[in-house]
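K.L.:
The following block contains the structure, expressed as C-alpha cells.
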Amino acid sequence: MEKNFIILLFCCFIHFASAQLRVGFYSSTCPRAEPIIQQLVQKRFGTDRSITAALLRMHFHDCFVRGCDASILIDSTKSTSSEKDAGPNLTVRGYELIDEIKKALEAACPSTVSCSDIITVATRDAVALAGGPRYNVPTGRRDGLVSDSAEVNLPGPSLSVPEALPFFRAKGLTLNDMVTLLGAHTVGVAHCGFFQDRLSNFQGSGTPDQTMDSALAARLLRTCGTASRPLNRGPTVFLDQNTSFIFDNQFYNQLRSKKGILQIDQQLALDRSSAPIVSSFASNPSAFQQNFANAMIKMANIQVLVGKAGEIRKNCRIFNPKSRKGF
C-alpha cells in the first residue's frame with residue numbers, strides 16, 4: 001500500500017510539472033527565442049542533413065537519464081565524469097549547434113531560455129526540415145544540476161522487445177510510444193560494432209542472423225568486415241537503406257522485409273505485441289507522423305524541471321558557478 005502511494009505521488013508530481021510547460025512560454029520574455037532556434041537549425045540543416053538524426057539521438061539520450069534537463073550537455077572535468085562521456089553517449093553529436101544557438105539566445109535574452117528547451121525545440125525543427133511532422137511543443141523546462149556518467153542506463157541495440165519495453169515504461173511511455181520513437185531511425189546511422197555480430201556469427205552460431213535479409217547481410221559484411229572494433233569507431237551505415245535523410249515511414253516497410261539493421265529494430269516486426277504497430281505505420285504514413293509528434297511531446301515531458309527548480313545555464317556545457325556541485 002505504501003509503495004503504491006509513493007508511485008501515485010510520483011506520477012502526480014510528474015503530471016504537475018509537465019502541466020506547467022506551455023506552448024509559447026517565451027512569448028513575452030524572449031519572443032524571438034523559437035525563431036532564432038529555427039533559423040540556426042535550418043542553417044545547419046542546409047549543409048548537414050544528418051543533424052536531424054544527431055539531435056533526435058541527443059534528445060532521447062538526455063530525456064532517458066534524469067529527464068529532459070540538458071544534463072547530457074555538461075562537459076566532464078578532471079575529477080568528475082559527466083553523462084556525455086558514458087559509453088552509450090560517445091557517439092552523440094551536435095553539441096556545437098546547441099552552443100551556437102545558446103550564444104545567440106544569450107545575446108538576445110540573457111539567462112532566459114534553458115538549454116533543455118533548446119534541445120527540444122531544435123529537435124522539433126530538425127524533424128520538420130527532414131519531412132517529418134510539424135507540431136507545437138510546450139516549453140518552460142529548466143536545466144538540471146547533476147550530470148553523472150554512472151547514471152546512464154539506456155536500452156541497447158541487441159535487446160528484444162520484452163527486454164527494451166521496461167526502459168520505456170519506467171519513463172511513462174507505452175509500447176506504441178516505443179515503436180514510434182524507434183522510428184526516428186528512419187534518418188539515423190549506426191557504427192558497424194552495434195550490429196556486426198548479426199552478419200556472420202550471430203550469437204556464436206557461425207552463421208548470419210536468419211532474421212536479416214541475406215543479401216543485406218552480405219552487403220553489410222563487405223562494408224563492416226569481421227574485425228571487431230570499438231562501438232564508436234569504424235564505418236557507419238544508414239538504418240533506413242532507401243530514404244536515408246527523409247523522415248518518412250519507409251523504415252517500417254524495411255523491417256517487414258527483414259531489412260532492419262539493429263536487432264532491436266528488426267524485433268519490432270517479429271514480436272507479436274509490436275508487429276501490428278509496425279504494419280500499421282508501414283501502410284499509413286500519416287498515422288506514423290501523428291503518432292511520432294505525440295510521442296515526442298510526451299517524451300519531452302519526462303521528469304522536467306520547472307518553476308524555481310534547476311537553473312537556466314548561461315553556458316550549456318557547464319553549471320552556473322553558484323550551482324556547481326563537484327564540478
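Each position is counted from 1, following the chain as shown.
Backbone N, Cα and C atoms are what each Cβ position is placed from, and that goes for glycine too.
Pulled these features from TrEMBL for this protein:
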type	residues	note
ACT_SITE	HIS61	active site, proton acceptor
BINDING	ASP62, VAL65, GLY67, ASP69, SER71, GLU83	Ca(2+) 1 binding site
BINDING	PRO155	substrate binding site
BINDING	THR186, ASP240, THR243, ASP248	Ca(2+) 2 binding site
DISULFID	CYS30-CYS109	disulfide bond
DISULFID	CYS63-CYS68	disulfide bond
DISULFID	CYS115-CYS316	disulfide bond
DISULFID	CYS192-CYS224	disulfide bond
DOMAIN	20-320	domain 'Plant heme peroxidase family profile'
SIGNAL	1-19	signal peptide
SITE	ARG57	site 'Transition state stabilizer'
K.L.:
Using the structure shown, find which entry in CYS30, CYS316 (the disulfide-bonded residues) has the sparsest Cβ neighbourhood within 10 Å.
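P.N.:
Counting other Cβ atoms within 10 Å of each of the disulfide-bonded residues CYS30, CYS316, the minimum falls on CYS30.
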K.L.:
Output the one of CYS63, CYS109, CYS192 that, of all these disulfide-bonded residues, has the highest number of other Cβ atoms within 10 Å of its Cβ.
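P.N.:
Going through CYS63, CYS109, CYS192 one by one, the largest Cβ count within 10 Å is at CYS63.
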K.L.:
Pop the Cα-Cα gap between CYS115 (disulfide bond) and THR186 (Ca(2+) 2 binding site) into the table, whole Å please.
P.N.:
26
K.L.:
Please tell me which one of the recorded positions listed here (GLU83, CYS115, CYS224, ASP240, THR243) sits closest to PRO155 (substrate binding site), measuring Cα to Cα?
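P.N.:
Comparing Cα positions, the closest of these recorded positions turns out to be GLU83.
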K.L.:
Express the distance between the Cα positions of CYS68 (disulfide bond) and ASP240 (Ca(2+) 2 binding site) as a whole number of Å.
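P.N.:
So the alpha carbons of CYS68 (disulfide bond) and ASP240 (Ca(2+) 2 binding site) sit roughly 27 Å from each other.
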K.L.:
Enumerate the residues of the same chain, THR186, ASP240, THR243, ASP248 excluded, that satisfy the criterion Cβ within 8 A of the mean position of the Cβ atoms of the recorded Ca(2+) 2 site; list them in sequence order.
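P.N.:
Near the Ca(2+) 2 site, beyond THR186, ASP240, THR243, ASP248, sit VAL187, ASN242, SER244, ILE246, PHE247, ASN249, GLN250, PHE251.
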K.L.:
Going by Cα-Cα distance, pick out whichever of the recorded positions CYS30, CYS192, ASP248 is nearest to SER71 (Ca(2+) 1 binding site).
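P.N.:
Sorting the recorded positions by distance from SER71 (Ca(2+) 1 binding site), the top entry is CYS30.
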K.L.:
Cα-Cα, whole number of Å: GLY67 (Ca(2+) 1 binding site) versus HIS61 (active site, proton acceptor)?
P.N.:
9
K.L.:
Taking the domain 'Plant heme peroxidase family profile' (20-320) alone, what is its mean pLDDT?
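P.N.:
On average, pLDDT over the domain 'Plant heme peroxidase family profile' (20-320) sits at 96.
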